[in-house]
Amino acid sequence: MKQLRAILAAHSAEDLGVSWTAQRMASSWYILALLFVAVAITQCNIWDFARMIKKVTRKSALSYIAYGCYCGYGGSGQPKDLTDWCCHKHDCCYDHLDQIGCHPMFKSYKFEFVNEIMCEHDEDDYCASKTCECDRETALCFKANRATYSYKYFLYMKKVMCKDPAVHCSMYTF
């Protein structure tokens with residue numbers, strides 16, 4: 001690895017056969033991808049959910065971003081512990097909302113936290129209210145199962161380690 005770094009440091013992109021046009025195209029795609037991600041994040045409830053997790057658990061939401069088989073993007077296999085089960089139920093709740101025409105990933109909502117989480121129910125936006133409730137239940141589940149959190153499941157390799165048959169969402173009622 002040190003040898004590769006030395007070679008890259010000693011030679012310009014042109015020396016390595018990368019044309020100026022290819023460099024510019026790569027830079028343009030990179031900037032475009034960053035803009036897309038920034039717009040997507042500001043239009044969804046990830047920030048709301050992250051704030052909720054922090055308020056309730058006093059842990060960063062990043063602690064749950066790639067935890068076990070279900071926390072973070074996607075999910076498969078058997079949940080690894082009670083914390084992972086919280087994420088499984090959250091995924092199922094979002095799946096349910098998708099099925100009824102809500103798009104929870106893109107629904108911003110308001111909540112208050114004094115001694116507990118209170119979702120502000122907007123009679124004009126059923127989907128935002130239900131999204132907040134899904135996130136609220138999950139944050140409370142994280143708090144209730146905080147003792148089960150294990151760093152061995154943080155940054156877990158889902159594609160490799162979560163090959164068991166998936167657990168169905170039919171066990172929950174929403």
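Just so you know, glycine gets a Cβ as well, placed from its N, Cα and C.
In TrEMBL, annotation is done automatically, which means it is predicted and not curated.
Within the set C86, C119, C127, TrEMBL assigns C127 as the partner of C102, by disulphide bond. Site annotation (TrEMBL): Ca(2+) is bound by Y70, G72, G74, and the candidate from D81, D91 recorded at this site is D91. The record in TrEMBL pairs C141 in a disulfide bond with C86, which is drawn from C69, C71, C86.
Noted from TrEMBL: C69 is disulfide-bonded to C162, selected from C162, C169.
The record in TrEMBL pairs C169 in a disulfide bond with C92, which is drawn from C71, C87, C92, C93. Sequence-ordered, the extra residues of this chain that approach the Ca(2+) site, with Cβ no more than 8 Å from the Cβ center of Y70, G72, G74, D91, are C69, C71, Y73, G75, C87, H88, K158.
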